[in-house]
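**Student:** The structure is given below, and queries will be raised subsequently.
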Amino acid sequence: MATLIAPCNHSPQEDAEALHKAFKGWGTDENALIVILGHRNVYQRQQIRTAYEEIFQEDLVKKLESELTGDFERAVYRWILEPADRDAVIANVALKSGKNYYVIVEISSVLSPEELLAVRRAYLDRYKRSLEEDIASHTSGHLRQLLVGLVTSYRYTGDEINAKLAQSEAEILHEAIKEKKGSQEEAVRILSTRSKTQLIATFNYYREIHGTSITKKLLDEASDDFQKALYTAIRCTTNHTKYYEKVLRDAIKRVGTDEDALSRVIVSRAEIDLKIISEVYYKRNSVLLEHAVAKETSGDYKNFLLTLLGKDD
């Protein structure tokens, strides 16, 4: 369930002209930008980009980059991109950070096979290198194997499962992940090739056999990037809405809000399931997500995020 409700009677030409007007004068009319772009779906935003370039012979994305600054600019920039292009940018930023590899896991574990393929194409088109090539150059060892395996996977999306396989692979994962005795390559193989339904069956068998979730106590202060990536892959596969709720909770609760994580979730899920994520957030924290966001952010950035959350009235 999306939080964005876009009008069905918008005119791309009128929106383009209104945006151009907002750029004129001594300062940009940020509120006008939010009112227009914050209420347009992905198809309408692409129509506006096309209309703006046709009318004013200028790339709207580049214009926004030059007129806006800070967290507001980054959020608006990602919002106006097509989803696959946006995820390509997010993946590249994560790789360049040298530490946020879980974002790559998040993208590859949540998206459908076709959506993930579109991201890889968009990455290649934008950066003239493949996503897996950049992953390989930034990582090593088991982490590299897992990330490359996840982004190049094209999983079965049906509902059929192999119960015997689920049971045997639950034990393989227990040995590899929890006991740290088995083959890490086997854990990589299972997590990067099995369908989501098969993996969920495996995780359920794990719980039945061992009486606890496979992610329980998986992470500690000594956990390395590979273990964090395994944890993220399992969480995203099992229940991505709960995973996103935790990302938002951690982003808001940390000392100094993690605006990048906050923007990533709100911008990327506003047209998909942000309403459900917001409900999960309220159940977990007894605080409305929009209230938490309003408390931890300010100015145009706050207004834009609240608009995407459907709370700009």
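Cβ atoms here come from the backbone N, Cα and C positions, even for glycine.
Sharing the record's features from TrEMBL:
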{"type": "BINDING", "residues": "PHE23, GLY25, GLY27, GLU67, ILE252, ARG254, GLY256, ALA294, GLU296", "note": "Ca(2+) 1 binding site"}
{"type": "BINDING", "residues": "THR297", "note": "Ca(2+) 2 binding site"}
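Have a look at these and tell me how they're positioned relative to everything else.
**Tutor:** Long-range Cβ neighbours of GLU296 (Ca(2+) 1 binding site) (same chain, at least 6 residues apart, Cβ-Cβ under 8 Å): ILE252, THR257, LEU262.
A simple way to gauge crowding: the CB of THR297 (Ca(2+) 2 binding site) has 22 other CB atoms within 10 angstroms, across all the protein chains here.
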**Student:** I'm trying to understand the geometry here, so how far is the Cα atom of GLY256 (Ca(2+) 1 binding site) from the Cα atom of THR297 (Ca(2+) 2 binding site), in Å to the nearest whole number?
**Tutor:** 10
**Student:** Within 10 angstroms of the C-beta of ILE252 (Ca(2+) 1 binding site), what count of other C-beta atoms is obtained when all protein chains are considered?
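**Tutor:** If we count other Cβ atoms within 10 Å of ILE252 (Ca(2+) 1 binding site), we arrive at 20.
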